[in-house]
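Engineer: Dropping the structure in here first, questions after.
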Amino acid sequence: MALVDLDAVEHNVEVVRRAVGPAAVMAVVKADAYGHGLVPVARAALAGGATWLGVAHVHEALALRGAGVEADVLAWILTPGTDLLPAVRAGIDVSVSAVWALESLVAAARATGRCARVHLEVDTGMSRGGASPAEWPALLDAVAKHVDAGDVVVRGTWAHFASADVAGDPSVPAQLQAFEAALRTAREHGVDPGLRHHANSAAAFFVPQARYDLVRAGLAVYGLSPAPERATAAELGLRPAMTLAARLAHVRRVPAGAGVSYGLTYTAQADTTLGLVPVGYGDGVPRHASWDGRRSGEVLVAGARRRIAGRVCMDQVVVDLGDDAAEAGDLAVVFGPGEAGEATADDWAAAAGTISWEIVTRIGSRVPRVHTGRAAGRGA
Ligand SMILES: *Cc1c(COP(=O)(O)O)cnc(C)c1O
């Protein structure tokens, strides 16, 4: 099961809010709140002082509305053919970075008789989403026309960093400079940019000039550091919200020389006890964190962190307990805040060659979420 501490979520949002004030906080709850559970996390984040929620897709924003969440929500990925009527009706803010997207939003606004709320995304150097500097003026002209006609209101103008986690990276000031230029161009084209936002979690903490009116904090809301080598979660005052735990399904002794798991890539060096932990890559435990002859992800069992014996399977992993006693039913903690000696999402990210964002977000739908904390009583 994945235990999600909603008090930690609330606390983390307060920490971000204090760090970035007077800028406001958008809690990013895309991808089922990075695997933590969309609606309970959204409510906890709002209780912690977030005034905006951010998601990638319109359907994620509609799921929030469907659960009765009325706060401002921004959805920032649009594809041609997306039905925008429900979004406009539900008062969802939608990001556009191209004229075709603006026109489809305007069509939805006219069909509903309502004014559509738009954020303009401009590319400041990451070359992912956003209007390019060449496309920006034409988008602005179209926006100005539709604002005058009363079909859309510009609520924000934004961009995204490529490397805000890297200390001293020259792309950070370069992106800020490009953003300033884009804001100037907007005003020159008669467009009020509304709320300006460029910062993710890393920039919220490490790039004060990037905070503008609003920061879009994702990872920090979940209590993880966007740059553990610069500042750990604890140093930032954050509390990891998710603990992944399971009960041992089987415990057995094997003799020295026994091979373990698919491919028999792990060999017991001496007589040893093996514990079976019933979570695997089907639950989001990364197979890349299998034992590679030097290291693996580690699971806390019977008071110590245990290496994974061999490969991570779809539904289970085997851990090597040595001569320590354990029995079926004992608690195994895959990762958590680290306070009881368990590995953290950062440790698993290192073992799997990835980032902590991916470790928590990929915990699958098969794993029951159990929400705890005062905020859990607010109704999900
Ligand atoms: C996911 C995302 C964020 C949040 O990033 P973190 O590094 O998790 O804080 C912010 N803005 C956009 C556009 C995103 O896609």
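Glycine is no exception: its Cβ is also placed from the backbone N, Cα and C atoms.
Automatic, uncurated: that is what TrEMBL annotation is.
Taken from TrEMBL, the feature active site, proton acceptor applies to K30, Y262. Residues or ranges marked as substrate binding site by TrEMBL: R128, M314. What TrEMBL records for 241-372 is domain 'Alanine racemase C-terminal'. Per TrEMBL, N6-(pyridoxal phosphate)lysine is recorded for K30.
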Engineer: Summarise the domain 'Alanine racemase C-terminal' (241-372) by DSSP state, stating how many residues are helix, strand and coil.
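Structural biologist: With helix first, then strand, then coil, the domain 'Alanine racemase C-terminal' (241-372) has 23 helix, 45 strand, 64 coil.
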Engineer: Cα distance, R128 (substrate binding site) to K30 (active site, proton acceptor), nearest Å?
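Structural biologist: Given the Cα positions, K30 (active site, proton acceptor) is 17 Å from R128 (substrate binding site).
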Engineer: Let me check the 10 A CB neighbour count of M314 (substrate binding site). How many other CB atoms are there?
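Structural biologist: So the Cβ neighbour count for M314 (substrate binding site) comes to 12.
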Engineer: For the recorded positions listed here, K30, R128, which shows the highest count of neighbouring CB atoms within 10 A?
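Structural biologist: Top count of Cβ atoms within 10 Å goes to K30.
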Engineer: Near Y262 (active site, proton acceptor), which residues of its own chain have a C-beta under 8 A away, given they sit six or more steps off in sequence?
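Structural biologist: Looking at Cβ-Cβ distances below 8 Å from Y262 (active site, proton acceptor), excluding near sequence neighbours, one finds G310, R311, C313.
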